[in-house]
């Protein structure tokens, strides 16, 4: 279902207008603050958005590097170019990633990804795609679109090559999403079908206009939309209620090539904090969680980690363990002496 960009009343139009230029965004925000209006409302239910620059990235990519002041780190074959960050070039056996150094503690958020996938390969002779991550671990290379398998968190995959030979009902490129608590492996042979939350076809390769992906997480409701037709409108792709994601994870994006390849470029990543009104009942229901999960979807080993013991608790455990050990030894000695005394009486 398309969300047409009409007047500035719709939240989609507002976001697109603000995303055009960071300078105009800041100027507009300052004018709004100066007039006492604050950030613009972007939807029903009193929802407002704020750009979080510590979790965002755009040209000229000054926050990318290895220094202590850098907000983003590159990994593998990823390179900073003038107009984009190239995760992988159109060459075989390459992988690269871009990771935010700052953990995200936002409760409700929206990530807008401006990307481009292109290359020389003809139909079905290109790959493999890219992924957008919100995970507990960062900078961990692996086989899942350049990231580690059995990750903890959320992965959104733009898969450009079908590995499953017998699949016919699915047209690639294909966008899918997966929530993992560290117990599941991504099934490459079946293109991730056993663990996906949903997906949609997305013809995003070798296009001559901008392509965008939006990941929205509000009130434990995950929504993924795309703007890939050059019409400046969002199309729904995935919508999943009951998604529980812990706070304090990292945003990143990665890509990998094998025998087939493509250029996988990221132009910008922009994260918005969404302020959403909650009822008292929703406040109770939406408490922080320790492990990612999805309601009505059973994941193996869904056991929350025990909180670490405090110093006092550890001392008391050791102390009482020693007392119990000494007590057991004393009782053992007393019983042994009584047994020996009874044995001597029988002997005489």
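Cβ coordinates come from backbone N, Cα and C, glycine included.
Annotated carbohydrate binding site per Swiss-Prot: 93, 128, 161, 162, 163, 188, 258, 259, 260, in sequence order. The DSSP secondary structure for residue 161 (carbohydrate binding site) is coil. When Cβ atoms from all protein chains are considered, those within 10 Å of residue 161 (carbohydrate binding site) total 20, not counting its own.
The disulfide bond annotation in Swiss-Prot covers 200-237. When Cβ atoms from all protein chains are considered, those within 10 Å of residue 237 (disulfide bond) total 23, not counting its own.
Marked as domain 'L-type lectin-like' by Swiss-Prot: 49-274.
Looking only at the topological domain 'Lumenal' (45-313), the predicted model's pLDDT averages out at 92. For 45-313, the entry in Swiss-Prot reads topological domain 'Lumenal'.
According to Swiss-Prot, the feature topological domain 'Cytoplasmic' maps to 337-348, an assignment based on sequence analysis.
The feature transmembrane segment is assigned by Swiss-Prot to 314-336, with sequence analysis given as support.
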List the residues of the same chain that sit at least 6 positions away from residue 93 (carbohydrate binding site) in sequence and have their Cβ under 8 Å from its Cβ, in sequence order, or write 'none'.
257, 258, 259
List nothing but the largest Cα to Cα distance in Å, as a whole number, among the residues 93, 128, 161, 162, 163, 188, 258, 259, 260 that the record says bind carbohydrate.
17
Have a look around residue 163 (carbohydrate binding site) and count the other CB atoms within 10 A of its CB, chains all included.
15
Where does residue 258 (carbohydrate binding site) sit in the DSSP three-state scheme?
coil
